[in-house]
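Student: Take this structure first; my questions come after.
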């Protein structure tokens, strides 16, 4: 599809004068080249998390467009049709495409003749949402880069084109005659024409790669500099001011370096920090660190001598690269598959609830059974009983699992009961130190995942020792040690250089005792790398005699948002509601920038130290493996109201029975956290839970069918309703980010403070009075 400008820009209208036979040969050769470039349509993997249902029909349209491009003399209508097919495949709506056509973007010549800034301005004028605008800009850049890369292969051996002329679209050369080509001059195409890519080796045995080798265009400035604030982009030292300081500037990327540093920069023009940041983010998402997927689902590394990350512009061995092919095939960047048939994968959020196969399960055609706890808060008798048990034992009991009512919720496990951890099942010291041990002067690389928590190097053990706390050094409150308990453990009140909250977890969901310490360290790493005013402060962790827990700062005098809304039943005004929502967005979006997912965002996990301070707790802990333990018959043991917050894609991932070796974990993502935030936002607006009064299996069924919660008679502005509905979009990629939500909440006008005399009231309607 990316070749759709071949005919119009390569001058195919002149082909008949050379004869039908020659024209047919060129047509056949062009089709072969175009089919190879159709593999580049896997660019959609960079744009969306999954594919749409009509991917097959889009592919057929693209193939049809390829054949149309080989026709002689395309008319404007055909060009518009091909252009619309590409934009549709990228993800633009018919209204967006119409807007671009009105702005004279009718073909790829016009698309490549404008700069990124101009294209962004057109998208803003067309009121494209943030996600659609990102798709348009990103697809245009990648599309043009692949055109230039393919052109460098087809024109190997030829001289460089003069600056100022654009790289033409893919031209099929012929040994008998030269096909004239059209060129378009623009600022954007000038930059692209200067991009030089390494020539792909002719031998298929050698590595095939795409190298970032763009030379800088240095020129020495003779102007007198009054300011000495500028620094060298290479050595980060000041450039100085005046004529005596020798420095040069690149005409293309505007880099400024010392003259002595120029020779060490290399051909890196255009390799901006934003580009490197995009590659780094893509690295985290593709490798799926421990915070993104369950560690068992992350594939191990191929070799300890191989780099943990292959940039698209670094060499890739041909034996392991799916892009290695014959010399006539263009080299593709790493991460882009060459299998066109993979485009037909169905879009997950649009499929219905899948029941398990009848031959594998004894229960058929029904949703999983969710066993709900009887209450959300421990009774006085239960707390006293737990206190007596604690005073009798040297350490706290390991029953349950901490859920977060830290938020602390009392979970009544009737049929399953509490199970204490056997001290004999505690992992050995060798298993505990396995993560960071050294042998023979080298490192033992535990490459289960590449993530922030994997600390490599000689200081790895020292870094973990800084946050390791001996369980015996923690003093527990003898009168009332139990603050609360939840689905995944207990929270105890203790003293360790100050008042602390000790969260004790069970790791019974890990069948292999030797892996419990390693799995717990992966969970701890999510807390270990966070520092935010609205996130519970992590002080350390302990692993002793089969006991696993974390020491957190104690929020004194705090209560959960759930307690405030549903127990105290306090009504929140708009100013307080917005302030709480903004702090939630800031805290969770901070976790997302750290590549950490909350996974269990709900009002019970949101503490209020005051109406001006929010604390987020219990993130990154929930998993299907934890939820499935202890094993229930055709269901799961969950806390109350848990199903009210889960996203539709999580509801569709649940099965009636869980198999550790066959079932995948929940498809958690940033979008699922956004859906949960929408439910919390609904609670603060209405004082009620979404799907209130419905049974858990009814809620699961409604979410798998795309049925949204009913909006009651909420007296609020249209902006707030639209914000709420956008968080509940069935398609995950259509939901806004928490950063965008925070910006929208900030943009809402605040209630002005009006100083007026009681004798003369002002008859005006404030913004908050509509709430």
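Yeah, the Cβs are placed from backbone N, Cα and C, and that goes for glycine too.
What you see is a predicted model, and the numbers here were worked out from it, not measured in a lab.
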Student: Which one of these stretches, 152-172, 173-193, 194-214, shows up in Swiss-Prot as region 'Disordered'?
Tutor: 152-172
Student: So for residue 600 (active site, proton acceptor), how many other CB atoms are inside 10 Å of its CB?
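Tutor: A count of 26.
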Student: Which state, by DSSP, holds residue 600 (active site, proton acceptor): helix, strand or coil?
Tutor: coil
Student: What average pLDDT does the predicted model assign to the zinc finger (215-269)?
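Tutor: Summing pLDDT over the zinc finger (215-269) and dividing by its length gives 76.
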